[in-house]
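Some features that Swiss-Prot has for this protein:
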SIGNAL    1-23  signal peptide
DISULFID  C47-C64  disulfide bond
SITE      K48  site 'Important residue for potassium channel Kv1.1/KCNA1 inhibition'
SITE      K49  site 'Important residue for potassium channel Kv1.1/KCNA1 inhibition'
DISULFID  C51-C60  disulfide bond
SITE      G53  site 'Important residue for potassium channel Kv1.1/KCNA1 inhibition'
SITE      R55  site 'Important residue for potassium channel Kv1.1/KCNA1 inhibition'
SITE      R56  site 'Important residue for potassium channel Kv1.1/KCNA1 inhibition'
SITE      K58  site 'Key residue for potassium channel Kv1.1/KCNA1 inhibition'
SITE      K59  site 'Key residue for potassium channel Kv1.1/KCNA1 inhibition'
SITE      K63  site 'Important residue for potassium channel Kv1.1/KCNA1 inhibition'
MOD_RES   H70  histidine amide
Amino acid sequence: MKLLPLLFVILIVCAILPDEASCDQSELERKEENFKDESREIVKRSCKKECSGSRRTKKCMQKCNREHGHGR
């Protein structure tokens, strides 16, 4: 009978704490999002270079982004 409260506490703690798989999944999602953000930034910088000077128009930037797969 003395073990019953201890088992109950362990059960509650296990239910509250996230399991290892969900932690790994969250970390993977964060890494994937960071990769997407970095990729967008790289494309944005290269398009700014490509569309620099007098060619730097909204149309040029949109075309460049579409060609690199980041068009909206």
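Just so you know, the numbers here start at 1 and follow the chain as drawn.
Cβ atoms here come from the backbone N, Cα and C positions, even for glycine.
Positions of Swiss-Prot features highlighted on the structure.
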{"residue": "C47", "record": "disulfide bond", "Cβ neighbours (10 Å)": "20"}
{"residue": "K48", "record": "site 'Important residue for potassium channel Kv1.1/KCNA1 inhibition'", "Cβ neighbours (10 Å)": "13"}
{"residue": "K49", "record": "site 'Important residue for potassium channel Kv1.1/KCNA1 inhibition'", "Cβ neighbours (10 Å)": "10"}
{"residue": "C51", "record": "disulfide bond", "Cβ neighbours (10 Å)": "19"}
{"residue": "G53", "record": "site 'Important residue for potassium channel Kv1.1/KCNA1 inhibition'", "Cβ neighbours (10 Å)": "5"}
{"residue": "K58", "record": "site 'Key residue for potassium channel Kv1.1/KCNA1 inhibition'", "Cβ neighbours (10 Å)": "8"}
{"residue": "K59", "record": "site 'Key residue for potassium channel Kv1.1/KCNA1 inhibition'", "Cβ neighbours (10 Å)": "9"}
{"residue": "C60", "record": "disulfide bond", "Cβ neighbours (10 Å)": "16"}
{"residue": "K63", "record": "site 'Important residue for potassium channel Kv1.1/KCNA1 inhibition'", "Cβ neighbours (10 Å)": "15"}
{"residue": "C64", "record": "disulfide bond", "Cβ neighbours (10 Å)": "19"}
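Taking the C-alpha atom of C47 (disulfide bond) as reference, the shortest distance to any of the recorded positions G53, K59, C60 belongs to C60. The two recorded residues, G53 (site 'Important residue for potassium channel Kv1.1/KCNA1 inhibition') and K59 (site 'Key residue for potassium channel Kv1.1/KCNA1 inhibition'), have Cα atoms 14 Å apart. In the three-state DSSP reading, C51 (disulfide bond) counts as coil. The DSSP secondary structure for K59 (site 'Key residue for potassium channel Kv1.1/KCNA1 inhibition') is helix. Note on proximity: among K48, K49, C51, the recorded positions of the record, the Cα nearest K59 (site 'Key residue for potassium channel Kv1.1/KCNA1 inhibition') is that of C51. C64 (disulfide bond) carries a helical DSSP state (H, G or I). Among the recorded positions C60, K63, C64, the ones whose Cα sits within 10 Å of the Cα of K48 (site 'Important residue for potassium channel Kv1.1/KCNA1 inhibition') are C60, C64, in sequence order.
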